[in-house]
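Enquirer: First, the structure itself, so that you have it in front of you.
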Amino acid sequence: MNRIYLIGFMGCGKSAVGRRLSFLLKLPFYDMDKEIVRQVGKTIPEIFEQHGEEYFRQLETQFLRNFKQDHCIISTGGGVTMRKENQKIMRNTGLVLFLDAPFREIWRRIHRDPNRPIVRQSTREEIEALHKSRYKAYKQTAHITIRTEFRTLRQITQYAAFQVNRLKGE
Ligand SMILES: Nc1ncnc2c1ncn2[C@@H]1O[C@H](COP(=O)(O)OP(=O)(O)O)[C@@H](O)[C@H]1O
Ligand SMILES: O=C(O)C1=C[C@@H](OP(=O)(O)O)[C@@H](O)[C@H](O)C1
Ligand SMILES: [Mg+2]
């Protein structure tokens, strides 16, 4: 299968770049968080509050196991890449792009957002430690790492499209 997955920490731009990349490459776009919200009929904070994080993680893996569409762009949630099974599914069914943003930029983007329950419950230091602890998994799961610092969303999207086309041509 030939999907494009965007992975990386909260706020690195997976959803924003995924949407733009889908326009540029003319491929359908799926944001895993949005798909889960639609399936369950609850917001992400509601799922975390009412069922707990582990339940949300199961929904993420279920989505990846059951999803059938080929030739599409999928923006993952920041925690998806932590499970080995998810890593395997993504690498076996598509090209995995890691959007690598510096933590201070990530923090600036996410610290006031009420829709990310993990951020709401934690201090800056705790989120920075989480970023550090997850970094290796993103790096190792990705076929390509894209550094986003000093780049606009448009530049990142164009660079991602260039990399996708280059690898398709190989
Ligand atoms: N390179 C960038 N330049 C400017 N704004 C960005 C960039 N990447 C992401 N953003 C903005 O940061 C916020 C978080 O991005 P989002 O795509 O939701 O991240 P993710 O899905 O990885 O959590 C959004 O408002 C998005 O428009
Ligand atoms: O990193 C995480 O554990 C999470 C990231 C979120 O997605 P984004 O990476 O799009 O913010 C969302 O799946 C949930 O709040 C948990
Ligand atoms: Mg997102």
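Even glycines carry a Cβ here, placed using N, Cα and C.
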Enquirer: Need one residue: from Asp33, Asp70, the one TrEMBL lists with Arg57, Gly78, Arg134 for substrate.
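Expert: Looking through Asp33, Asp70, the residue TrEMBL assigns to the substrate site is Asp33.
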Enquirer: Per TrEMBL, what member of Arg38, Arg116, Arg120, Arg124 joins Gly11, Cys12, Gly13, Lys14, Ser15, Ala16, Arg151 in binding ATP at one site?
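Expert: As annotated by TrEMBL, Gly11, Cys12, Gly13, Lys14, Ser15, Ala16, Arg151 share the ATP site with Arg116, chosen from Arg38, Arg116, Arg120, Arg124.
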Enquirer: Taking the binding-site residues Cys12, Asp33, Arg57, Arg134, Arg151, which residues show a Cβ-atom distance to ligand 2 below 6 Å?
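Expert: Near ligand 2, sequence order: Asp33.
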Enquirer: Whole-number answer please: how many Å between the C-alpha atoms of Lys14 (ATP binding site) and Asp33 (substrate binding site)?
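Expert: The Cα atom of Lys14 (ATP binding site) is 11 Å away from the Cα atom of Asp33 (substrate binding site).
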Enquirer: Of the binding-site residues Cys12, Gly13, Ala16, Arg116, which one has its Cα closest to the Cα of Arg134 (substrate binding site)?
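Expert: In terms of Cα distance, Arg134 (substrate binding site) lies closest to Cys12.
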